[in-house]
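Remarks on the structure that follows.
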Amino acid sequence: MPAPHGGILQDLIARDALKKNELLSEAQSSDILVWNLTPRQLCDIELILNGGFSPLTGFLNENDYSSVVTDSRLADGTLWTIPITLDVDEAFANQIKPDTRIALFQDDEIPIAILTVQDVYKPNKTIEAEKVFRGDPEHPAISYLFNVAGDYYVGGSLEAIQLPQHYDYPGLRKTPAQLRLEFQSRQWDRVVAFQTRNPMHRAHRELTVRAAREANAKVLIHPVVGLTKPGDIDHHTRVRVYQEIIKRYPNGIAFLSLLPLAMRMSGDREAVWHAIIRKNYGASHFIVGRDHAGPGKNSKGVDFYGPYDAQELVESYKHELDIEVVPFRMVTYLPDEDRYAPIDQIDTTKTRTLNISGTELRRRLRVGGEIPEWFSYPEVVKILRESNPPRPKQGFSIVLGNSLTVSREQLSIALLSTFLQFGGGRYYKIFEHNNKTELLSLIQDFIGSGSGLIIPNQWEDDKDSVVGKQNVYLLDTSSSADIQLESADEPISHIVQKVVLFLEDNGFFVF
């Protein structure tokens, strides 16, 4: 088992356990400055406090930040590729001076740690975007950097009170110290870690088992359950999948643990970061995938990263990382032999192969299409179908646009009456909302349960509009409407017909 990065596992929870009560009292005092941690900061601080980000013991000061951005190293020369920063707004930054102590809270209620400030600085975000994320403004991390993150960073050391509170899967959330003890108790000194933010299927099981056998090692399934790429499948669905698929491994070869990481999708730099984290968790080997941690393509169809950039950068640091890199070897299904094999060992001009892309899988889930057993296990498909029901079982919402001149009440009643005659498999409701933005979540709950909503009035403030949310469709005369009317005073019967045909075309009704 490799030593932690930097030589010492920086478990701040264990280090500060004896002064926890003292720190708790300080955090709850009325005269201490308080910062409520953002979702990304909560992920980052958990991995600082539990040692997953060893050798870090706090958020980066300006010297360390600048060195990481430009040279992929901390100021002392230690390899570190991603800046871990506490971003705040200008108003909060103006309250801070060196040596200020700040209580860091989760959800404004749970004290997590106290930060002793070393410095407050305004980063050059343009340089950070270019050096760390290669500068494409469409990169999700660059969008976050300029549109979400605060304009000032606070550097300083942390004293731990407790880890962020999670109410799901407590038995699967092993800290680095706990996972290292688990490996020791099992006498696993060689462990291949597998990083994923997606559901796993038979090909993933095959490639991880092959990697373990080639390395004479065991397998750590170590999925990210913090922040991933926008649009990814939710972690609850994925964890249920992982819990099922791990049963398909040979007995005693695999272990599942969840990683509360906020991914940056920064490709090659992130792959090095992932390797460091897995070393801290006790893994001796790490599978680096094709286009590892890349966000795919931009709107022009150009890849943000090359397919092998990550593998090449991690390999270039292998002597410093002290963890063996296992290149991801894509496997494909051979239907004539009913087995999987590495695609680089197959002559595809002579051997028939089958594969289902992620896009095709999502399409089949959406329309209720067949997902063959050679691709995924039945229990995995069942979980995915429960979380991604086909369109006839999904809910929807029809928002009546502001330009309509027909009676909204009568149109709503006409739509409701028409929908009800199609059968009782879906709940319908006319939803008058009275400009209450907090009802947005309620609308999504109705849609998520497979119901059909009719919303006679939009919110006046566009930022609070439901239009544009998943399965929410605007009925209006505007060119941006999902269901476009030729005129504001079309007869109600014509409008109802257009709505029904639209919903049928999009799979909500099957006649």
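Placement of Cβ uses the backbone N, Cα and C atoms for every residue, glycine included.
Since this is a predicted model, take the numbers as computed values, not measurements.
THR196 (active site) falls within neither a helix nor a strand when secondary structure is assigned with DSSP, and so counts as coil. Within the same chain, residues at least six positions away from THR196 (active site) with a Cβ under 8 Å of its Cβ are HIS204, ILE221, HIS222, PRO223, VAL224. According to Swiss-Prot, the feature active site maps to THR196 (among others), an assignment based on sequence analysis.
The active site annotation in Swiss-Prot covers ARG197 (among others). Neighbour density for ARG197 (active site): within 10 A of its CB lie 20 other CB atoms from the protein chains shown.
Taking all protein chains in view, 16 other C-beta atoms sit within 10 angstroms of the C-beta of ASN198 (active site). Annotation comment: Swiss-Prot describes ASN198 (among others) as active site, evidence class sequence analysis.
Per Swiss-Prot, the feature sulfate binding site maps to GLN195, ARG197, ALA293; the stated evidence is experimental evidence.
If you look up Swiss-Prot, you'll see GLN195, THR196, ARG197, ASN198, GLY289, ARG290, ASP291, HIS292, VAL331 marked as ATP binding site.
Summarising the annotation, Swiss-Prot assigns region 'N-terminal' to 1-167.
Feature annotation from Swiss-Prot assigns region 'Catalytic' to 168-393; the stated evidence is sequence analysis.
The region 'Required for oligomerization' annotation in Swiss-Prot covers 394-511.
There are 20 other CB atoms within 10 A of the CB of HIS201 (site 'Transition state stabilizer'), with all protein chains counted. Residues or ranges marked as site 'Transition state stabilizer' in Swiss-Prot (evidence: sequence analysis): HIS201 (among others).
DSSP assigns HIS204 (site 'Transition state stabilizer') to a helical segment in the three-state reduction. The site 'Transition state stabilizer' feature in Swiss-Prot is assigned to HIS204 (among others).
In the three-state DSSP reading, PHE328 (site 'Induces change in substrate recognition on ATP binding') counts as coil. The site 'Induces change in substrate recognition on ATP binding' annotation in Swiss-Prot covers PHE328.
Taken as a whole, the region 'Required for oligomerization' (394-511) shows an average pLDDT of 82 in this prediction.
Rounded to a whole value, the Cα-Cα separation of GLN195 (sulfate binding site) and HIS201 (site 'Transition state stabilizer') is 14 Å.
Rounded to the nearest whole angstrom, the C-alpha distance between ASP291 (ATP binding site) and PHE328 (site 'Induces change in substrate recognition on ATP binding') is 10.
VAL331 (ATP binding site) sits 19 Å from ALA293 (sulfate binding site), taking the CA atoms of both as reference points. Take the CB of VAL331 (ATP binding site) and look out to 10 A: across all protein chains shown you find 23 other CB atoms.
Neighbour count (other Cβ atoms within 10 Å of the Cβ, all protein chains): 25 for ALA293 (sulfate binding site).
Taking Cβ-Cβ distances under 8 Å and a sequence separation of 6 or more, the neighbours of GLY289 (ATP binding site) in its chain are GLN195, ALA310, PHE328.
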